[in-house]
Amino acid sequence: MNLVSMKALLCKAEEKGTGIAAINVSNIETINAVMEAAERVNYPVILQVAPIQLNIQKISYSEITEIVKILGNKYNIEVALHLDHAETINECIEAIDAGFTSVMYDGSNVSLEENIENSKKVVDYAKDKGVTVEAELGRVAGAESGADDSIKGLMTIPKLASFFVKSTGVHCLAVSIGNAHGHYKYEPKLDFERLEEIRTQAKIPLVLHGGTGIPDTDIQRAIELGIRKINFFTEIDNEFVNGFINSYEKNKNIYMMAAQEAGRQRMLTKAIEKIKLCMKY
Ligand code: 13P
């Protein structure tokens, strides 16, 4: 495995007009599943983990980096290791110091001024280390607030995109265009016109969070319009959990390793599907 900067992967995707799947991982099995998926389709992948995932499992930033490096030895692929949804500058700094090749400062819950100030601080810290910085403008909601009306007020305002990018120097920008995290309660309706305007203003690779439940055709259209990184968590993670549970339901005497492998296989299949979906264009 070649641990590369996310910027390098996004630049290549930009040249070819394609996207790259960014998949959340939690442990050895899920890391192996995603890296094997990338190798099987011979396409780079972004492995990502959020502070909340690490905290719940009591795994440190340097431990996850080392695990990824060790497991990566057996795969012939390009991987970026990304910190997803860090809400503090300190979390970004910890991840950068631990060897992550990219971080997301998520300032969607603070004022625009604070979002700009903090995103810029992270960019300044990351600069010397060659680490890529993603920020969010607007707010990607949880899928529980997935009705059109509640999502609309949180959407990225295209006119602010150019100002935000210039003021912060971020390398890629997460947008809110009707996407939401988790399983959608309502059919997601992406605002492609808004996406086009944001892209014209921002002029940098854009990121689509909340990949779970967005129809394939909409993901492909979003890639055509400038989305370069597509985040998938819930749907792929659920494959692992369901694979594990099903194998246990079939055989209550099962050893954990066999149930874990059943989960890993299900996750592998879904990860291949999503990586391929992003590389179509
Ligand atoms: P989903 O859980 O909806 O796939 O979203 C993942 C995500 O955006 C992680 O940042």
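In case you wondered, yes, glycine gets a Cβ from its N, Cα and C as well.
According to TrEMBL, GLY210, GLY211, THR212, ASN231, PHE232, PHE233, THR234 bind dihydroxyacetone phosphate; the candidate from GLY182, GLY243 that the record adds to this site is GLY182. Secondary structure at GLY211 (dihydroxyacetone phosphate binding site), taken from DSSP and collapsed to helix, strand or coil, is coil. In the three-state DSSP assignment, the secondary structure recorded for GLY182 (dihydroxyacetone phosphate binding site) is coil. Annotation: PHE232 carries the greatest number of neighbouring Cβ atoms among the binding-site residues PHE232, PHE233 [cut-off 10 Å, Cβ to Cβ]. Counting in whole angstrom, THR212 (dihydroxyacetone phosphate binding site) lies 19 from ASP106 (Zn(2+) 2 binding site) by their C-alpha atoms. Residues GLY182, GLY210, GLY211, THR212, ASN231, PHE232, PHE233, THR234 make up the record's dihydroxyacetone phosphate site, and a Cβ search at 8 Å around their centroid adds ASN24, HIS181, HIS209, GLY213, GLU235, ILE236 from the same chain.
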